[in-house]
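Peer 1: Sharing a structure here in structure tokens format.
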Amino acid sequence: MADNEKLDNQRLKNFKNKGRDLETMRRQRNEVVVELRKNKRDEHLLKRRNVPQEDICEDSDIDGDYRVQNTSLEAIVQNASSDNQGIQLSAVQAARKLLSSDRNPPIDDLIKSGILPILVHCLERDDNPSLQFEAAWALTNIASGTSEQTQAVVQSNAVPLFLRLLHSPHQNVCEQAVWALGNIIGDGPQCRDYVISLGVVKPLLSFISPSIPITFLRNVTWVMVNLCRHKDPPPPMETIQEILPALCVLIHHTDVNILVDTVWALSYLTDAGNEQIQMVIDSGIVPHLVPLLSHQEVKVQTAALRAVGNIVTGTDEQTQVVLNCDALSHFPALLTHPKEKINKEAVWFLSNITAGNQQQVQAVIDANLVPMIIHLLDKGDFGTQKEAAWAISNLTISGRKDQVAYLIQQNVIPPFCNLLTVKDAQVVQVVLDGLSNILKMAEDQAETIANLIEECGGLEKIEQLQNHENEDIYKLAYEIIDQFFSSDDIDEDPSLVPESVQGGTFGFNSSTNVPTEGFQF
């Protein structure tokens, strides 16, 4: 819970940064708060163990000789060093089967047995590709374990030999080496950059061709995801430049698994900062990425929404590239998607558009998305309501008076005020700031807005917030009461009624200036 508060505080600090600094109003992806943004998808793990389908079955037909209960590690280690090729291959195969057939493979036991150097030596045996394959497979599964277990493989000097095996004439050996390297790269930025420094990218990308079997290409794409993953630090710029052309090819692939991983790779790159966002934009891939927001597979939609969502955390210019691809036309479906997590991510995306310039705010209005945001503000699950509160509050900073007046016309005040009673202090602050901003912008129409707030029970909620434990909240609640609700003469003064707009809707006096200070505390 403390981590959530810390992240939310940072988010709020960024949001309120130095007046109308629109770039800092854009909010980076918050992996702890937004569950959708956590990667706990089986097909997208950092590390993967190679377990043959037949080994998953309980009544596996593994020969009894290789079953754990009938196989002593000591004998396996001894036989793995045998000069007899048949005995050696059987022993290495036995080790591999121990590592791939068990739900809880005895990785530590095998490491302690001293077999690692023997397996690594087997990788050098060009005269025996079957032995290379079995040894690579065993090492792949050791590297699929904890960080310490992966490090044991790295420290045994296996990586240069795996890179060498990428050039093996035997495809199964190549593929197993790719898998092993994927597990090592997936351990973290240090391992990633170490493998990159040894030259993994060019041979890896050379496998991408029409003739490659689909299972092999899936593995290659998954390794590319791991190369793009992690942003502390992000991958080297030259690596990104090498990988992007391949992603531009793979984004047209018909295989869903390959497409999903390609788009996740883009989402990781765009999560690293504006410089990386610009590299992705310059690759020309965005026009091919945006249509995936309406892909029939939810997995593809989710990844695409994340990737474009990251791009719009960038500058106004970078955001405009996404909008120019007709991105907003996909959002009515995303905002009404049966999966709440998609709704939440979609509103988060839009909150970064409403943090943009006035033309971008207008684009959201013109796409008829504001009523849908307000509906989710009212009826969505709490995570979605929270994102909607940010979207509305951002609009009160970025928008023109007529754009903020449009919020009032769409009846934003009641659902906005309803969030004043939630336990999440950041949401309460964001709503109070939005209300304060609307009231300040209304100027001589503030009385009418105040009446709307009072009629829906908002005034009572604001009064109660004067006793809130959070200093910022009770001060702002007091200021709102003091500035806009302290007068007793709430009569129908004609001068306080908003000027008429078509259809008798609200309008603010356009001669007054938009406040430039942003949210004030």
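Quick reminder: no glycine exception, Cβ is built from N, Cα and C everywhere.
Model, not experiment: these values are computed from the prediction.
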Peer 1: Given the ranges 33-42, 43-52, 163-172, which one is assigned the annotation motif 'Nuclear localization signal' in Swiss-Prot?
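Peer 2: Motif 'Nuclear localization signal', as annotated by Swiss-Prot, spans 43-52.
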Peer 1: Between S60, S130, S147, S500, which does Swiss-Prot record as phosphoserine?
Peer 2: S60
Peer 1: Grab the same-chain neighbours of the repeat 'ARM 1' (66-106) for me: Cβ-Cβ under 8 Å, and only residues 6 or more beyond its ends, written as numbers and ranges.
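Peer 2: Here the qualifying positions are 49-52, 55, 60, 113-115, 118-119, 122, 128, 130-131, 134-135, 137-138, 141-142, 145.
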Peer 1: I'd like to know the mean pLDDT over the repeat 'ARM 5' (234-278).
Peer 2: 97
Peer 1: List, by number or range, the same-chain residues at least 6 past the repeat 'ARM 5' (234-278) whose CB is under 8 A from its CB atoms?
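Peer 2: Same-chain contacts beyond the flanks: 28-29, 39, 43-44, 189, 192-193, 196, 201-202, 205, 208, 214, 217-218, 221-222, 224-225, 227-228, 284-285, 288-289, 292, 295, 297, 299-300, 303-304, 306-307, 310-311, 313-315, 318.
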